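Asker: Provided herewith is a single structure, encoded as structure tokens, for subsequent inquiry.
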Amino acid sequence: MTKQEWKNKTVVTEFILLGFGNGPELDSLLFLMFLSIYIATLTGNIFIIVLIVANQHLHTPMYFFLGNLACLEICCSSDILPRLLLSYLGGDRSISVNGCFTQYYFFGCLAAAECYLLSVMSYDRYLAVCKPLHYASHMNGKLCLQLGAASWVSGFLSNSILTFLISNLVFCGPNEIEHFFCDSFPMIKLSCSDTHVAGLVTSVVAGVCSLPPFLLTFSSYLYIIITVMKIPSATGRKKAFSTCSSHLIVVILFYWSILTAYVLPHHNTQISPNKVFSVFYTILTPLVNPFIYSLRNKEVRETLRKR
């Protein structure tokens with residue numbers, strides 16, 4: 001496109017997030033539903049953090065990582081749901097271009113950090129089940145801090161380049177985003193400049209952030225299953241599986257939705273696949289994680305009974 005053609009274009013200053021539909025009755029229903037989900041998400045994850053901090057016997061590597069995960073879930077939900085709630089409450093679904101970039105930056109950073117943290121948690125479970133005699137010496141306090149910090153820092157660094165590329169695209173055509181929050185592919189599709197590099201980098205970054213952690217998680221649980229099956233006692237096998245099975249289910253759900261939304265190719269469909277799969281890792285996963293990871297845990301239940 002020539003410079004003169006660029007000048008004849010009207011540069012977009014705000015986007016419209018289409019969300020899940022229009023209509024007063026539907027908006028009211030969605031507002032109440034997402035408000036309930038947000039309150040439950042905050043309550044559950046804050047409860048887990050307070051419980052871990054307040055109880056000395058929960059100051060172990062597993063609960064240290066669970067506390068970090070709860071912080072991530074609070075941040076991720078707070079990046080998306082309050083803006084979504086305001087749009088349904090007031091009917092204004094517009095968001096400034098810079099506001100959209102900011103929301104996407106923090107979402108991408110937090111999602112990448114969660115990918116890394118989940119793989120760290122699976123490695124922690126691998127050491128606990130497969131290398132119990134060396135667990136205390138390997139997973140010490142210093143290593144826990146390093147792995148936790150590395151997950152957060154890696155997540156924020158990995159999305160910086162991608163956000164920079166998207167923020168330098170020119171938006172001069174339609175400004176309606178077929179999504180309920182600002183995400184990379186829906187924004188890239190609206191740009192009137194060359195989006196080949198940005199689209200390619202999006203898939204590469206998503207693959208780097210999700211595939212290696214997923215493979216590490218998969219291999220860790222493969223070794224865990226093999227080790228557990230060798231336990232002669234049925235009670236011992238049941239106990240080992242109970243500490244890992246719920247975590248594995250949510251990990252598979254999280255990585256599957258991430259990989260499907262960002263890495264696998266999509267065909268043109270009436271319903272955006274990004275929107276459908278994004279519901280899993282942005283809304284449902286933060287909601288159920290406190291229950292699956294911690295509230296079903298025997299140590300947590302015993303702690304609650306003692307208080």
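Quick reminder: no glycine exception, Cβ is built from N, Cα and C everywhere.
Pasting the feature list from TrEMBL:
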- 44-293: domain 'G-protein coupled receptors family 1 profile' (DOMAIN)
- 29-53: transmembrane segment (TRANSMEM)
- 65-84: transmembrane segment (TRANSMEM)
- 104-123: transmembrane segment (TRANSMEM)
- 143-166: transmembrane segment (TRANSMEM)
- 204-228: transmembrane segment (TRANSMEM)
- 240-264: transmembrane segment (TRANSMEM)
- 276-295: transmembrane segment (TRANSMEM)
Asker: Other than its close neighbours in sequence, what residues sit by the transmembrane segment (204-228), given a CB gap under 8 Å and a spacing of at least six beyond its ends?
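Answerer: Contacts of the transmembrane segment (204-228) (Cβ under 8 Å, skipping residues fewer than 6 from its ends): 111-112, 115-116, 118-119, 122-123, 125-126, 129-130, 155, 158-159, 161-162, 237, 240-241, 244, 248, 251, 255, 258-259, 262-263.
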Asker: Counting only CB pairs under 8 A, let me know which of 29-53, 143-166, 276-295 has the most with the transmembrane segment (65-84).
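Answerer: Most Cβ pairs under 8 Å with the transmembrane segment (65-84) come from 29-53.
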Asker: Residue list, the transmembrane segment (143-166) vs rest of chain: Cβ under 8 Å, 6 or more residues beyond ends.
Answerer: 61, 64-65, 68, 101, 104-105, 108-117, 120, 184, 187-188, 197-198, 201-202, 205, 208-209
